[in-house]
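Peer 1: The following feature annotations were taken from TrEMBL:
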- A:47-68: transmembrane segment (TRANSMEM)
- A:74-99: transmembrane segment (TRANSMEM)
- A:120-141: transmembrane segment (TRANSMEM)
- A:147-167: transmembrane segment (TRANSMEM)
- A:208-236: transmembrane segment (TRANSMEM)
- A:242-266: transmembrane segment (TRANSMEM)
- A:278-297: transmembrane segment (TRANSMEM)
- A:309-330: transmembrane segment (TRANSMEM)
């Protein structure tokens, strides 16, 4: 504007035309800018993302969380990679988001009395030990190199195995239910190895009287895998509770969410302190969508039958597994990739 | 600031040829360059706010002369270079049927942002020797390799770095983006993208004649986070435990709030 006034004093007419064109271009850009005002600059990630995209992303993951009792870490982390959030920030902030959606889900389950608190505490104790061990293992793998590959293979193997197992079992349960009319309670291995160990504890809400040792072991194993894969581990915890511990599906989801809330709070704090990778702005946007999604998911879950719920979760797990397997086997779009910093 | 700079510029441009004719300058110890850049920036600081989505910087100026305009074409090159940092380029290969990272090259210092704007195609106006001396073209912005290279040929890796950054609009060569009028006034519009990081962005202006750099001009642009962005960033780095607790408190409060809201809705 000012430059134009000054330039006008110069005799060159074509020069003023060129400056006018540049001026018009700038004004067009300014008009264009006003149209996309949902863009938000994330202070820690240092990237710009669309706020609405993040809110809906959180909503979808929250829905899964409420419906299936999984924290949704195995969904949110790859989705954040996809929209261009740096991986370290995606993992840490994903954990923070999981805290909110799981907590919201837990409250809904507490109200319906479908949380086995005693079971939750024992699992959590195992989980904290396992998670700490998992972080050590992660750093060890990082020094050897190829940590990415190990994590990716972990995902494919575990998601594949669990998805297949659940899918098969749910199909059998649905077929059985159709044949014999009224739904029969799932036959649990009442006299399996799990039930012969010492240190027996009464888990009233689950209707179980079993040893605390296998519960601690399940918690620890899920903790290790969770830390290694950067997730809360709900998608491993839920089937482990059903098939290994023999808990009724009704209390599994609430108890899993209860355990995940604490475990991911611990992970978030660890990430914030050790690597400054939690982006609270990013977390807030995901949370806004996530908590709403979790409430919808929980009330939707109450209307569905347990077998249907399980078969849906099995399909979801298999879908994510298939996507990750494709990434391993298909030729990547660009063979080269950038990682900030110097990798030893 | 802009107004004053422009007034000064105009005055200089009008006065300089007259002064040169009437009072020939006395010989000095170091002769001033026959043509000198006088330039300004539309802004020398950029604030990153929550709604920050990039910024336009106008780099403008004039060429001050003690002599009549020499014959031959004159060109102007403008570069803006962001803060540099280390980066690793990794290469994937198929091993046992799956794609694995095999080779890697660590670059000790590569700018996170680099744009070159010129009056005409860079290859036509700049001598390659001058290019490597002043490090002007985009591939030359990448400085040094960290440690001994593990791979036989680093070229595909550095090419990939430039290619990937160009795809993200972080590296750019804008041939013809500098407007030059009457071999005296020039102007370049440089768009800073939204995904900037904090730091000083070095602006350089080169005056080129017959492939040789005749004169250079440098000015910094400071990019910094302000307000909430700055507060959160500082808190995350300086008080990480408190920051973590705050993040968790937000998550718990939001989770409880949604649960309470859902209960209210169900009651009605």
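Glycine is treated like the rest: Cβ placed from N, Cα and C.
Predicted automatically and left uncurated, TrEMBL annotations should be read as such.
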Peer 1: Near the transmembrane segment (A:242-266), which same-chain residues lie under 8 Å Cβ to Cβ, leaving out any that are not at least 6 residues past its ends?
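Peer 2: Sequence-remote neighbours of the transmembrane segment (A:242-266) are 65, 68-71, 73, 95-96, 98-99, 102-103, 105-106, 109-110, 112, 114-117, 119-120, 123-124, 127-128, 131, 165, 169, 185-186, 188-190, 192, 194, 203, 205-208, 210, 214-215, 218-219, 223, 226, 232-234, 301, 306, 309-310.
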Peer 1: What residues elsewhere in the chain lie close to the transmembrane segment (A:147-167), defined as a C-beta under 8 angstroms and at least 6 residues from its ends?
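Peer 2: Same-chain contacts beyond the ends: 74, 138, 141, 225, 228-230, 235-236, 239, 243, 310-311, 313-315, 317-318, 320-321, 324-325, 327-328.
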Peer 1: Cβ pairs under 8 Å with the transmembrane segment (A:120-141): which stretch of A:47-68, A:208-236, A:278-297 has the most?
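Peer 2: So the stretch in question is A:208-236.
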Peer 1: Counting only residues 6+ away from its ends, which parts of the chain sit with a Cβ under 8 Å from the transmembrane segment (A:278-297)?
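Peer 2: Non-local partners: 40, 42-45, 49, 51, 54-68, 72, 76, 80, 85, 89, 92-93, 95-97, 100-102, 104-105, 108, 268, 271-272.
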Peer 1: Cβ under 8 Å to the transmembrane segment (A:208-236), counting only same-chain residues 6 or more beyond its ends: which ones?
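Peer 2: Sequence-distant neighbours of the transmembrane segment (A:208-236): 65, 68-74, 77, 91, 94-95, 98, 102, 119, 122-135, 137-138, 141, 150-151, 154-155, 158-159, 162, 194-202, 244-247, 256-257, 259-260, 263-264, 267, 313, 317.
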